[in-house]
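As annotated by Swiss-Prot, active site applies to Cys105, His262, Asn286, with the evidence given as similarity to another entry. Under the heading Ca(2+) 1 binding site, Swiss-Prot lists Asp588, Asp590, Thr592, Ser594, Glu599, citing sequence analysis as support. Among the features that Swiss-Prot reports, domain 'EF-hand 1' is placed at 531-566. What Swiss-Prot lists as domain 'EF-hand 2' is 575-610. Swiss-Prot lists 605-640 with the feature domain 'EF-hand 3'. As annotated by Swiss-Prot, domain 'EF-hand 4' applies to 670-703. The annotation region 'Domain III' is assigned in Swiss-Prot to 355-512. Residues or ranges marked as region 'Linker' by Swiss-Prot: 513-531. Swiss-Prot lists 532-703 with the feature region 'Domain IV'.
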Amino acid sequence: MAALAAGISKQRAAAQGLGSNQNAVKYLGQDFETLRKQCLNSGVLFKDPEFPACPSALGYRDLGPGSAETQGIIWKRPTELCSNPQFIVGGATRTDIRQGGLGDCWLLAAIASLTLNEKLLYRVVPRDQSFQKNYAGIFHFQFWQYGEWVEVVIDDRLPTKNGQLLFLHSEEGNEFWSALLEKAYAKLNGSYEALAGGSTIEGFEDFTGGISEFYDLRKPPGNLYYTIQKALRKGSLLGCSIDVSNAAEAEATTRQKLVKGHAYSVTGVEEVDFRGLPEKLIRLRNPWGEVEWTGAWSDSAPEWNYIDPQKKGELDKRAEDGEFWMSFSDFLKQFSRLEICNLSPDSLSSEEIHKWNLVLFNGRWTRGSTAGGCQNYPATYWTNPQFKIHLDEVDEDQEEGTSEPCCTVLLGLMQKNRRRQRRIGQGMLSIGYAVYQIPKELENHTDEHLGRDFFQGRQPSTCSSTYMNLREVSSRVQLPPGQYLVVPSTFEPFKDGDFCLRVFSEKKAQALEIGDAVPGDPHEPHPRDMDGEDEHFWSLSEEFADKDSEISAHQLKRVLNGLLSKRTDMKFDGFNINTCREMISLLDGDGTGSLRPVEFKTLWLKICKYLEIYQEMDHSRAGTIDAHEMRTALKKAGFTLNNQVQQTIATRYACSKLGVDFDGFVACMIRLEILFKLFRLLDKDQNGIVQLSLAEWLCRALV
């Protein structure tokens, strides 16, 4: 219940602008300005109660409490490590980033790339902090997390051994911005150890809010040069590297002076006329050092003598700044992988940059309702969340070789908080997605889930290349104009997890979650429906010997269980007392807490209708129905509910084996009827909004 309320509150705050980089969410409710002011007024240095300087902040296994790796660690403030600590010395550069005893080189590479773009850097590392002015032992940083920017506050106590920083540190002995940034990121993810092992892409995205693509340069797509060209034009961050097959190869230099295992930045592409033929060039930068490529098109290479002198003057950069040109064909031969981080619109201010359009959805896979697994599980696949994208504007600059106009879309499916959950044994799920073209006859279908029949025998237009246990799977797709259904899923069904689905499009795209409405039109029987069997019905129960009497919840339980126990076509252990109280709440017209005969007749007709639906769904006659079948059963009963409500129902009414018995099924139906009835009575303006005082809310909630 608390989680649901928090989720609603979060959605409403986001609608008001909370979560932007200018108005970041306060992580764990900690406000930097308020806390710093309190410390300055009291004359004490900040000690973070949410991420204390203790073993649990270091880790849970290799760096866990009592482990050999943590012996001798002392937490110290920079003011205890040197006489003149500085936040940043002479600007933030790649030399400020030196790896310590933690396997987070992926994070270091991302930070190094961030230093090349000052505007993006200072979104993450606010400049309003130092060890001199207003120093109070407190610092703050901002990270993008699943659709919102989060401000993380830390104290400046850092883990040391023998007087030296244990983890990330600067080449300048008195500079601490990078070590403090690493600590803030560790806090966000639960511990320092949680940062071990990862992809540079993950850091790129958390520092920019962008969406990333990965290309294996051993199997490059034919349009890769064009993709790089467009990415640079959109202000994207591009990185490439040469894979290493073993630890001995790390830092090794090739014959032509390329460093293996290092992240290079891609900074430009150009096509030149070389000896009468077009030659594609690419410009790279090694942010880690001055070692440069010595092959074709390097600074002193003879190829420059065969192009137009004016063009040569524009492109031939002779300064030893780590930046160099090479042919695109050599690039594909020498490098192993390319990563592109496409920036979200709010990251870019220049009007010259062609910005992406962004649509973002947050969702959840819940066992028994929306965790349907991949296409290999047709019985449950259709229950996964479904999202509709409407593409009606084609790209302005169509790619060479494309015969028909198309729309370029970047799809990214990201699972949430799995790094933070490592300490409780929850690793990454294998995730993926499929995209289906929606036929014309279903283009206006938005109010309810597409069912199993839609997917039967239908092939997706495109899908993620494979299901992978990465934080995010993403791909660039080109689709003809039309409407498409995106289905994100885990590989196996019944896996709980939160996710974020992002759609980046070159032109504005309309997108929505299928079945987001919650209409309800339950079956309303009338006592006249039983007139023909009146005497037979009353003879079944001694409780109604006097037809003017009323029955309580305990009497109702005895009557109903007695009636249903006579049936031989169902397995049923009886209604519990709480379900019977819910029944009375629905039909008790005079507020006495009991049912009159006419009300009981209406209830019995409802139960008969529910039983008919239940038995239709109980295919095995086992006395339970699968929780994922509740969506279909609810629809038959008149309720078309969105994913959030379906997930709540599965959590509330399904047992640990994901079955729903008849008592739970009826309790769910009755509860839904009560809630819909209450809302409609209170929604006088019929605008879908009800306002209640606390006392009114409590009275209605306790009904």
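Each residue, glycine too, has its Cβ placed from N, Cα and C.
Closest by Cα distance to Asp590 (Ca(2+) 1 binding site), from the active-site residues Cys105, His262, Asn286, is Cys105. Neighbour density at the Cβ, taken as the number of other Cβ atoms within 10 Å, is lowest among the binding-site residues Asp588, Asp590, Glu599 for Asp590. Counting neighbouring Cβ atoms within 10 Å of each of the recorded positions (Asn286, Thr592, Ser594), the lowest count belongs to Thr592. Listed in chain order, the residues near the Ca(2+) 1 site other than Asp588, Asp590, Thr592, Ser594, Glu599 are Glu550, Ile584, Leu587, Gly589, Gly591, Gly593, Leu595, Arg596, each with its Cβ within 8 Å of the site Cβ centroid. Cα-Cα distance from Cys105 (active site) to Ser594 (Ca(2+) 1 binding site): 68 Å (rounded to the nearest whole number). Checked against His262 (active site) by C-alpha proximity, the binding-site residues Asp588, Thr592, Ser594, Glu599 yield Asp588 as the nearest. Broken down with DSSP, the domain 'EF-hand 3' (605-640) shows 23 helix, 4 strand, 9 coil.
All protein chains shown were included, and the count of other CB atoms within 10 Å of the CB of His262 (active site) stands at 22.
Relative to Asn286 (active site), the binding-site residues Asp588, Thr592, Ser594, Glu599 all have Cα atoms farther than 10 Å away.
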